[in-house]
Amino acid sequence: MSMEEAKEKNEIENEKLEETQDEAERLGRAQPWTRQITARGVLVSVVIGAIYSVITMKLNLTTGLVPNLNVSAALLAFVFIRTWTKMLRMAGFVAKPFTRQENTMIQTCAVACYSIAVGGGFASYLLALNRKTYEFSGEHTEGNSSRAVKEPGFGWMTGFLFLVCFVGLFVLIPLRKIMIIDLKLTYPSGLATAVLINGFHTQGDKMAKKQVRGFMKYFSISFLWAFFEWFFTGKEACGFSQFPTFGLQAWKQTFFFDFSATFVGAGMIVSHLVNLSLLLGAVLSYGIMWPLINKLKGDWFPANLEGEADMKGLYGYKIKEQQQPQYRGSGWPAESIDDLKQNELFLREKIPMWIGVTGYVFFSVISIIVVPIIFPQLKWYYVVVAYLLAPSLAFCNAYGAGLTDINMAYNYSKVALFVLAALSGKENGVVAALAGCGLIKSVVSVACILMQDFKTAHLTYTSPRAMFMSQVIGTAVGCVIAPLSFFLFYKAFDVGNPKEEFKAPYALIYRNMAIIGVQGFSALPHHCLQLCYGLFGFAVALTSQEISRHRNLDHGYLFRWSWQCPFLLALTLPLICALEV
């Protein structure tokens, strides 16, 4: 037999094996979860995660805005492994078939890795502890103690990330069935990633080929449009990113179109009720509330404040009034046969509840012991309270991300920031608040990413166990790579200087919020808490209607119309995110 015939035979055998595996997946049978995690997959995911960590760290330290890279991670994984297997086949070797489960595992591991660089606090609460940020926030400002300084270090940063991020991996494991199957939350990024992966790995399916062609078509359009926009990008608030669609007066209230293909795509995936709720919240806040409150400058809050992010001014109303209960249910149509197969596999490969509970308790105990050693200002009993509250906050955030594809972990962490700042006193308040903020944010953010990846696993017939192990590997790698990528920029550039390129804008904002928390509620603008209480009552009333409707108690006039009420979480997001979202 000639060499060419041997190569052709190997290719035919591999194609038949892949087709057999695809057929097994359609029938609800998949590989054991231990075979879905491969050495080549881990290697590729580490490479992709490291590349994305450097990219996102650069974006985080310059603009503070990082796009979602989940779909591109799945695409790169497919390209890398397909290229590798074809090279082996050309060399005459038999390569292990590349399955959708392995593709999902690589994507999950890579996303978990670079997510630490995004949400690890390197451009916000951790950087806010250094001396440079302390000086820029005002050395003589009340509550800004000179002792509230901790310079960045690879050792303590890595240890802190390992402690707080691994707690987040276990917090929502017992609720995965409720979130994915019972509530049928969309998780638009997870859904889009799953559709792409399924399209790549469905042999001979016309619909799959059509989906892949459609993805490549619109991906190319999106890329070319972004490239075109780049030519018209100047200084801040310039170019297509802030196009004054409704005029300059409306533009000042953030009524503009930003030509963001990401948000357009997310809007096409989520339900119309979520889109309308976001629009309603934006109109109520930036169209009515903020302009009216801004007219009271000098009466309700000082008129001579520096910067728009001062918590004593209008920004204080935005932060406080968004922190209210955010829960609503959603109804979905009946399940198809494919849905039932996906559900059956997802439940069959379940992760025992005792693993989630034991893991959460184990890492929480270690964190309660070690975190106060890293940050002596943060007392151990505050860490205990934080971990008692973290599961409920993680659920709320994961639920909201399932509806809107927006991870609001940073907003939930601000609750801990203000509370700890107020409780810890003027000398210890800033450090305790920033460390506690990071603790809550890491737990809530990692739990949300985990649930989003569970959605992808559910739709790609991937074992939740394999997905969870991939998440563990990616998180462990990310806890090392993220600090390294941070110091790559921190040692080479003037990071944290508002006048330089790497200004890390959120570091100064987070420290100023901690200082406000130390000063107490009296530092907030007038009537801020009263407005917060009023919106809180409105949220409770609207949620009570929803609960009553689900219990078949909706016999009154108001209850009959409760299904048309907006999603509270979607409605509150624009209060701080602005209308262009």
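Just so it is clear, glycine is given a Cβ too, placed from its N, Cα and C backbone atoms.
Curation does not apply to TrEMBL; its annotations are automatic.
TrEMBL assigns the feature transmembrane segment to one of the listed ranges (215-233, 405-423), namely 215-233. Where the transmembrane segment (431-451) meets the stretches 37-55, 61-84, 105-128, 351-374, 472-493, the count of C-beta pairs under 8 angstroms peaks at 105-128. Between the transmembrane segment (37-55) and the transmembrane segment (472-493) there are 3 or more Cβ pairs closer than 8 Å, counting only residues 6 or more apart in sequence, so the two stretches are in contact. If you look at the transmembrane segment (154-175) against the transmembrane segment (61-84), you find fewer than three C-beta pairs under 8 angstroms, all six or more positions apart, and that falls short of contact.
Each of 61-84, 105-128, 351-374, 472-493 was scored by its Cβ pairs under 8 Å to the transmembrane segment (380-401), and the highest score goes to 351-374. Within the chain carrying the transmembrane segment (61-84), a Cβ under 8 angstroms from the stretch's Cβ atoms is held by residues 40-41, 44-45, 47-48, 52, 55, 95, 98, 102-104, 106-107, 110-111, 114, 118, 122-123, 189-190, 192-193, 196-197, 200, 262, 405, 452, 489, 495, 501-506, all 6 or more beyond its ends. Only residues 6 or more beyond the boundaries of the transmembrane segment (472-493), in the same chain, are considered here, and those with a CB under 8 A from a CB of the stretch are 42, 45-46, 49-50, 53-54, 57-58, 61, 108-117, 120, 122, 152, 154, 157-158, 161-162, 165-166, 169, 446, 500-502. Long-range Cβ contacts of the transmembrane segment (351-374) within its own chain (Cβ-Cβ under 8 Å, at least 6 residues beyond either end) map to 156, 159-160, 163-164, 166-167, 169-174, 176, 380, 383-384, 387, 391, 435, 439, 464-465, 468.
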